[in-house]
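Q: The following block contains the structure, expressed as structure tokens.
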């Protein structure tokens, strides 16, 4: 929830006038899949195999305290594109308490028509919008990205799981706009034995071509580059295989790094880098259940994807805008993927919708002026508020890694990181006496503060007020991730109905 001290979010969306419209910047959001905070050299990864992203950070602003809105893929992406917590926009389930949910092939729900997505609003300022890669907000026709503000799409409605038998379960399709081009493992190869696939190269070329076309048209553009090479099963193209000290996962990271470098150089060569805002981040923490061969690093933080510990929700984040962002900046602003919604609207000369609660804040005062904005971070897992961060303090109201049943099958969200009373395998409620950590002194969440200490009492008095205010104003959206039905699986789903 945005701080009232920053700016009022209850304003109607509208152009701020011709002068603002004339100065609108192009927007490029680079969203990685399951990439961890510790996967980049700029964030301390010891092999230093990300020179382009490290250079991007050196030329722009590094965010050390940037968060996703959910420790899982689909809700995180819905939050980014709506500026709203998943519990508000409907990307959660009530089938179980604090249960993560996403959009598998047989999910019935998706992004509701009532939600206003970033590309829908950017059209008001004349933007052309393209998504490249993973959509993950529903795969029935009514959820198609071209129905929700995007003008172009090259990618898939789901992740590249498979291969499947195409009888009980189909291989997942890839689309250009409404046309199905083929399927993973059939027309778009992924070799599970070697990890070889040229998908990242296809996604890169799509980005370069779109940028060139938009530069020639002199129209502002929004590019949402949501690739998934670092999601298991991890893949990389032939020229990158075997090049990383980190194995196949590192190969994928190296190819992403190379691709980001080419995108940034392309903007520079076209002479539009000073009019293009670029932001790099990830949808959730590294999937430690797949590490080390198929998963990344969350640096010093506890646990990973699917959890609301720091490793599950704190993300690498870099802002780049030559001529606007002073080089070599490091920010401790508490940021969120939802802020990319509000920040992008601000870049376009637009204001947020007034008829709903917007959780994202405009980060431009942080990025351009070095300000720090006081705001909390809410850590949700499914329908439950698990933890809250304010300043350097984080209070856990519930703790849970994963169930004993899953753990007994070898599924471990916190491998090698067991912390007694914290990384619990049963859902433990701490509502009346939250576990409190000081993330400056204890980024790994290993040493809870004493309940009896004055520090605990003062911090919790403040955080308790934030939680009460949040709960008093929370209006949950209709849950979209409750129902699965094999009848809706993607055999040719977007081609079945009229596009109008």
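Every residue gets a Cβ built from N, Cα and C, even glycine.
Unlike curated records, TrEMBL annotations are generated automatically.
Pulled these features from TrEMBL for this protein:
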SIGNAL    1-21  signal peptide
DOMAIN    26-349  domain 'Sulfatase N-terminal'
BINDING   33, 34, 73, 283, 284  Ca(2+) binding site
MOD_RES   73  3-oxoalanine (Cys)
ACT_SITE  73  active site, nucleophile
ACT_SITE  136  active site
CARBOHYD  198  N-linked glycosylation site
Q: Most Cβ neighbours within 10 Å: which of the recorded positions 198, 284 is it?
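A: Top count of Cβ atoms within 10 Å goes to 284.
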Q: Would you mind checking how many other C-beta atoms are within 10 angstroms of the C-beta on residue 73 (Ca(2+) binding site)?
A: 26
Q: If you average per-residue pLDDT over the domain 'Sulfatase N-terminal' (26-349), what number do you get?
A: 97
Q: Using a 10 Å cut-off on CB atoms, tell me which of the binding-site residues 33, 34, 283 is the least crowded.
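A: Among the binding-site residues 33, 34, 283, the lowest count of other Cβ atoms within 10 Å belongs to 33.
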Q: Neighbours of the Ca(2+) site 33, 34, 73, 283, 284: Cβ within 8 Å of the Cβ centroid, same chain, sequence order.
A: 32, 35, 68, 72, 76, 228, 231, 282, 287, 305
Q: Far apart in sequence but close in space: which same-chain residues, 6 or more away, have a Cβ under 8 Å from residue 136 (active site)?
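A: Set apart from residue 136 (active site) by at least 6 residues yet with Cβ under 8 Å, we have 73, 74, 77, 102, 103, 157, 158, 159.
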Q: Using only C-alpha positions, which one of 33, 34, 283, 284 is spatially nearest residue 198 (N-linked glycosylation site)? These are the binding-site residues in the record.
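A: Nearest candidate: 33.
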